[in-house]
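Undergrad: Take this structure first; my questions come after.
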Amino acid sequence: MYRPDIDLSSSGTMDTVSPTPASPMAGIDLRGAELTAARLRSALPRGGADVETVLPKVRPIVQAVAERGADAALEFGASFDGVRPAAVRVPEAALDKALADLDAAVADALRVMIDRARAVHADQRRTDVTTTLGPGATVTERWVPVERVGLYVPGGNAVYPSSVVMNVVPAQAAGVASLVVASPPQAQFDGLPHPTILAAARLLGVDEVWAVGGAQAVALLAYGGTDTGAEWPGFSSDRARSASSPGADAELVPVDMITGPGNIYVTAAKRLCRSRVGIDAEAGPTEIAILADHTADPAHVAADLISQAEHDEMAGSVLVTPSEDLAAATDAELAAQLPTTVHRERVTAALGGRQSAIILVDDLDAGITVVNAYAAEHLEIQTADAAAVAGRIRAAGAVFVGPYSPVSLGDYCAGSNHVLPTAGSARHSSGLSVQTFLRGIHVVDYTEAALKDVSGHVITLAQAEDLPAHGEAIRRRFER
């Protein structure tokens, strides 16, 4: 029998929950509990660090880069990561070489990923819509892409060429004219970003890549600057120039918007720069929730929980189930699979953290209530009639339906975007899409007769709000 670590049927919070020595994950019993929204938000497992705590460290970095540009960004990189590239902008020859040297199987897989993502995102394009409110009175909503976008691709525990694809594809589909990818320099590659990142950029047709990472990368994207002008060892200094970046050897043109995931320092920098540029979101650690019943395969459930825990020690893995048998079997499967997991120390820490748990509920209806309150970045539905259950989900970054739609598929080749809202923000936010990179502009076009027809109402409302000059602007048009 599965025995949860804590029973919240009457009271309690997550402050003291931890797994027992025999269980990789903590257990929470919500059976019989009153599942109000407020109570669930305080009781459900969630980790992540508070961005506010690192703002004092990040603010001087942003200020220095704003004042001194590339020199400051490169100095911070050398101090934090022990590597200082010759310049910020990567020569196009390095992109060509990275693609030529890329393992053929990886290249083929990336091409499949790109093709499938492009197919899905092409269908997200919006068309202009004109509404006619009367003779000579129209309002058109015109969709205009952001002009220049910076796409941040992290480096750390793993290399993420998939993040290049997931950020670039919707931006290109939206019609963004100028894209720059920023990724940390790597000492083992002579200060260049990881070659797989460079190869992915080249496959996507992106020719502007900056070798800069962390908070300093976000600041440099936001404020721009002047590159060092130094040559990269082994590459010609004849770097490509583009319309968005005249004299590309020198000018680092600031962007209008920054997207892409990163650590807490990257997130803090995005917060500090968002008065100057747009951002996609303040992403927290990745998370998976699985809503499963007795029909689910515990080996699959355990494997999927482990797969997201592999990202980060702060990653959240949550199973919600009305089945004690499934909870016990999944707990046993986790214990069996963990020893053979390559990144088992990282995974063990994530599964054992306060952000992860196996949650018992009374029934499937209660489970749906719980996962809607949790609002997971990734939500798997492994139940009987999974499609019907998925139709009742109102808060999730992405929903994966049935045993053959695991989150790993969405991370790479489902065609969906894997840049998704975290930390419960799926209650009010969406994942990255073509819409992220579009601005809706209302174009108002009225004739004299159309304005006259509604002028009395405008004047009345202006007087009601004590804004007489508004009404006068209407009257003067009809004075003779």
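Cβ atoms here come from the backbone N, Cα and C positions, even for glycine.
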Undergrad: In Swiss-Prot, one of 1-25, 126-150, 401-425 is tagged region 'Disordered'. Which stretch would that be?
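TA: Among 1-25, 126-150, 401-425, the range Swiss-Prot annotates as region 'Disordered' is 1-25.
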Undergrad: Which of Thr286, Thr330, Thr436 does Swiss-Prot put in the same substrate site as Gln308, His311, His378, Asp411, Glu465, His470?
TA: Thr286
Undergrad: What number of additional C-beta atoms lies within 10 angstroms of the C-beta atom of His311 (substrate binding site)?
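TA: The answer is 22.
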Undergrad: If one measures from the C-alpha of Glu377 (active site, proton acceptor) to the C-alpha of Tyr152 (NAD(+) binding site), what distance in angstrom results, rounded to a whole number?
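TA: That separation, Cα to Cα, works out to 19 Å.
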Undergrad: On a simple 10 Å Cβ count over all chains shown, which one of the recorded positions His378, His470 is most densely packed?
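TA: Of the recorded positions His378, His470, the highest Cβ count within 10 Å belongs to His378.
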Undergrad: Which one is it, among the binding-site residues Tyr152, Asn263, Thr286, Glu465, His470, that lies nearest to His378 (active site, proton acceptor) by Cα separation?
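TA: Closest candidate to His378 (active site, proton acceptor), judged by Cα separation, is Thr286.
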